[in-house]
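Listed in TrEMBL:
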type	residues	note
DOMAIN	48-505	domain 'Major facilitator superfamily (MFS) profile'
TRANSMEM	45-61	transmembrane segment
TRANSMEM	100-120	transmembrane segment
TRANSMEM	127-145	transmembrane segment
TRANSMEM	151-173	transmembrane segment
TRANSMEM	185-207	transmembrane segment
TRANSMEM	219-238	transmembrane segment
TRANSMEM	317-339	transmembrane segment
TRANSMEM	351-373	transmembrane segment
TRANSMEM	380-400	transmembrane segment
TRANSMEM	412-436	transmembrane segment
TRANSMEM	448-471	transmembrane segment
TRANSMEM	483-501	transmembrane segment
Amino acid sequence: MSSSDLDVKDQGLMQIASDDLNDNAKQLHGTTDTNRVEADVTFKAYMMCAFASFGGIFFGYDSGYISGVMGMEYFIDTFQKDQRDKPKSEKSLPSSRKSLITSILSAGTFFGAIIAGDLADWYGRRLTIIAGCFIFMIGDILQVASSSLGLLVAGRLVSGFGVGFVSAIIILYMSEIAPRKVRGALVSGYQFCITLGLLIASCVNYGTEKLNTSASYRIPIGLQLLWALILGIGLFFLPESPRFFVKKGNVAKAREVLARLRDQPLESPQIEDELAEIVANHEIEKKLIPQDSYWSSWAACFEGSITNNSSNLRRTILGMSLQMMQQFTGVNFIFYFGTTFFQELGTISNAFLISLITTLVNVCSTPISFWTIERFGRRTILIWGAIGMAICEFIAAIVGTAKEGDKNAMKAVISFICIYIFFFASTWGPGAWVVIGEIFPLPIRSRGVGLSTASNWFWNCIITVITPYMVGTDQGNLGAKVFFIWGGLCTCCIVYAYFLVPETKGLSLEQVDRMMEETNPRGSAKWRPTTTYAQEVGLVDAAKADVEHKV
């Protein structure tokens, strides 16, 4: 769509946006070339995003260590005293206590993710993540010091707020600083770090579970302090997101940090073109999404029609439902309750080792997404990933139910669980995080990503509350039958991804906005940009446009 194709309302909007540009913005000169709206990829950009993705380690580590810790004999004796006189093989926490200990962190994270959206807009993406690390450390210290259920639960709740800050804003931060050509791969690095955290947790649990002292669970819990320290201190040396400064109207500072991110001089034409596109897009979005007050800025997330692909309401629902569907794949059932689930099957001699193997599969499979997410796109891998997961889960459910108690059958079930984890780790694991970082316009991006991440943790909390009652031997005792439920939900994920998820591969964040305005999810893979925001807002003079047209 060219500028001349815009309807009268849009043309008027562009003129208003151009008139309202601040003095620094008016000095920018953008480009009409849609391939030049972002500077070249540099090694420095890779390294900054790689470090930022480190935030996934303590997210993953926290999810991983609790599964093993709840199966440790000393932990059970400490927090469930009526189990002390039982033989080791018969000791276990009641389903209600597993549910509380596991889900309380997700509850804290839900609220932390929502609050983080505001803080990221007020104080910046980087400082919000640093604050999350500090809050997490306070909660972790409370957990290490705990010898009663009350203090342990309080510590996990506080840690949850910190994880909420980090998990919501690290995705936002990485999406805003990563170059478009490799944004999917770099944001996938966050999911890879989550899997590394899970693996480290499994290794630590495996090494300490035989200790007959409180060190068996205090060491796994306390090690989390290291991850928060590394991320929090390291972020002091990284730049803020340039889009945050554009949102605040500080174009000069945005230019400075963008030059640092792209490893270019301040006067570089590439920096000029990219900054002009960001500013122009923001000016347009400000007119479309007025934010006169705090509450109106939140209300803006829910404006528009649900049938309009580009409306804020549609994008918010898409982000929240995408994270819901990721949880519905059932993968956190394995990582939160895998150890105790394998113990309760009664056919596994070393449940800690099996949990370590499933975690290792998760780690080794995730890097595949670095290539596939840019080669085939977000939408494609989500569809095929859901198909693969559904098949594996139905096979595991059928075999486990038909041959219940058979050791060889359980080996087959574990094999298909590993293949299922492979499909998740290489598709839905990173894919859902990448998409939510890309689909929101700048005026509501921090709140949109915060709401989407809160949805992830809300459904995470629901699943961790109900799953012990579904599979616990003292409750539903579904055993392998639980995979019929996860398989059915993965079938829903196939339909969901096909009809609702757009393709955002290879587009700048500003071009994603335009794509969602002009096409639907099923036609999104074929969409190509034909104009730039800088051109429409009047940041490209006629002489430059003529030169670029001839080139």
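Glycine residues also receive a Cβ, built from the backbone N, Cα and C atoms like all the rest.
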Against which stretches of its own chain does the transmembrane segment (448-471) lie, if we need a Cβ under 8 Å and a gap of at least six residues from its ends? 95-96, 98-99, 102-103, 106-107, 109-111, 113-118, 120, 160, 164, 167-169, 171-172, 175, 301, 312, 315-316, 319-324, 326-328, 330, 332-333, 336-337, 341, 344, 432, 436-437, 439-440, 477-479, 482, 485
Out of 45-61, 100-120, 151-173, 317-339, 412-436, which stretch has the largest tally of CB pairs under 8 angstroms to the transmembrane segment (483-501)? 317-339
List, by number or range, the same-chain residues at least 6 past the transmembrane segment (219-238) whose CB is under 8 A from its CB atoms? 48, 51-52, 54-55, 57-58, 61-62, 65, 68-69, 126, 129-130, 133-134, 136-137, 140-141, 143-144, 159, 162, 166, 197, 200-201, 204-205, 208, 211
Would you confirm whether the transmembrane segment (151-173) and the transmembrane segment (127-145) meet the contact rule of 3 or more C-beta pairs below 8 angstroms, pairs 6 or more apart in sequence? yes
Residues of the parent chain within Cβ reach of the transmembrane segment (100-120), under 8 Å, 6 or more residues beyond its termini: 62, 66, 70, 79, 93, 127-128, 131-132, 135, 139, 149, 152-153, 156-165, 167-169, 172, 244, 336-337, 446-451, 453-454, 456-458, 460-461, 464-465, 468
Sequence-remote contacts (6 or more beyond its ends) of the transmembrane segment (317-339), Cβ cut-off under 8 Å? 63-64, 66-68, 70-71, 98, 102, 198, 205, 306, 351-352, 354-355, 358-359, 362, 386, 389, 393, 417, 420-421, 424, 428-429, 432, 435-436, 439-440, 448-449, 451-456, 458-460, 463-464, 467-468, 471, 482-483, 485-486, 489-490, 492-493, 496-497, 500-501
